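Over in Swiss-Prot, the protein carries these features:
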{"type": "BINDING", "residues": "His63, His65, Asp155, Asp310", "note": "Zn(2+) 1 binding site"}
{"type": "BINDING", "residues": "His65, Leu66, Arg67, Asn97, Asn283, His314", "note": "substrate binding site"}
{"type": "BINDING", "residues": "Asp155, His182, His235", "note": "Zn(2+) 2 binding site"}
{"type": "ACT_SITE", "residues": "Asp310", "note": "active site"}
Amino acid sequence: MSDVLFIEGGRVIDPASGVDGVRTVVIRDGKVAEVAERVERPRDARAVDARNRWVTPGFVDLHVHLREPGQEYKETVATGARAAVAGGFTAVCAMPNTKPVNDCAAVTELVLARAAAAGLARVYPVGAISRGSNGEELAEYGELKASGCVALSDDGRPVMSSALMRRALEYARAFGLPLTVHEEDLHLVGKGVMHEGAAATRLGLKGIPSQAEDVMVLRDIALVELTGGRLHVAHVSTAGAVRAIREAKRRGLPVTGEVTPHHLALTDDDVGASGYSTDFKMNPPLRSAEDVRACREALADGTLDAIATDHAPHSAVEKDVEFDAAANGIVGLETAFSVCLGLVREGALTERRLVEALTVGPARVFGLPAGTLARGAAADVAVLDAAAEWTVDPARLHSKGRNTPWKGRRLAGRCTHTIVGGRIVHEEDKADR
């Protein structure tokens, strides 16, 4: 069989290369060989018929929880990678809040070995900022980088010590690593379980004020100014955080940000509308309509650089409890494109900006070799049917997690083929619609 693959007749949208039009993508030896309007295909070459579909660089997710090692009952590297390619993601960054925490080469190497064995999405480990993510002592950043980590995070836990955060930014700068941080002041969070506002009052649930996020973002931007370190703000959810990041960028500081599909599409009112469903419990919590508008505008104008899923699978035991006691987080790899395509249809995003925020935008944040269909680039490609409608059935998801707020929803937009390094690693089963 020929080692050449042709993706024919699709609308190629590649913001990194400035391409948007019907083209044929030619893949040879795992690399993009050509993107052209007219190419003659040899008789023995393989082909994907992409007519009436989008062809984009494979999506890049800066924020996923693969749970391995230590929590394989929730997810494994293999099942998470399978969910990723089903959603069009060819590269994912694995957060370090595993058991044990990824604060050393041994854990990083295990994650990479599991990813290689799965042979699906590319997995880029993120190492811990502090040993055990306990916020007391810095991890060995040189060791983490040498073993394959692309960024550092204590995700799920904020770095409460300003002194430690300062040292982390300085130390990480020496190794060229960004810090991707979970921003919340635990003293303001207290025992809150949802956004502090009228909805929380009506529901009788303890609230988390927006300022819990805002003050930490402002603190860390000040520390970036002091140290010159690179800061990436994870799962931005408030208008105040957006304003702070926008101003930091205006001043030329090395600050970037991401936003999740659920913080773009849902509000705190959805908690009550769902009947206290724990599939609507996450951290940061779903915010107000004003916050959602601010996040949408920030993504559209480039203040926020990337869409990231914060894919967080949990077992039924951890979710099928009262709202206060339930684990935070939802799965998102397989629904992200569909949910965000809804924003395009509402006029909140352009098609080009959507693709950019899922491809070259995140790739640039962590300096990953991804997000483009330029000649010579790795042939990581998503073929997408923007018109296909499907019903979200948790039992049909590839992730072990079933915790999705989109359960039973009819969504539009489906990944039909995912290609990694020139290999077709996912083809849609239309029965899943």
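Note: Cβ is positioned from N, Cα and C throughout, glycine not excepted.
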His63 (Zn(2+) 1 binding site) versus binding-site residues His182, His235, Asn283, His314 - nearest by Cα: His235
Cβ contacts of Asn97 (substrate binding site) (under 8 Å, same chain, 6 or more positions away): His65, Ser133, Asp154, Asp155, Gly156, Arg157
Euclidean distance between Cα atoms of Asp310 (Zn(2+) 1 binding site) and Arg67 (substrate binding site), Å: 12
Shell list (Zn(2+) 2; ref centroid = CB of Asp155, His182, His235; cutoff 8 A): His63, Met95, Ser153, Gly156, Thr180, Val181, Glu183, Ala234, Asn283, Asp310
Check: same-chain CB within 8 A of Zn(2+) 1 site center, minus His63, His65, Asp155, Asp310: Val64, Met95, Gly156, Ala234, His235, Ala308, Thr309, His311, Ala312
In sequence order, the binding-site residues (Leu66, Asp310, His314) whose C-alpha falls within 10 A of His235 (Zn(2+) 2 binding site): Asp310
Binding-site residues listed as His63, Leu66, Arg67, Asp155, His314, least Cβ neighbours within 10 Å: Asp155
Alpha-carbon spacing, Asp310 (Zn(2+) 1 binding site) to Asn283 (substrate binding site), which is rounded to whole Å: 10
Cβ packing number for His235 (Zn(2+) 2 binding site), 10 Å threshold: 24
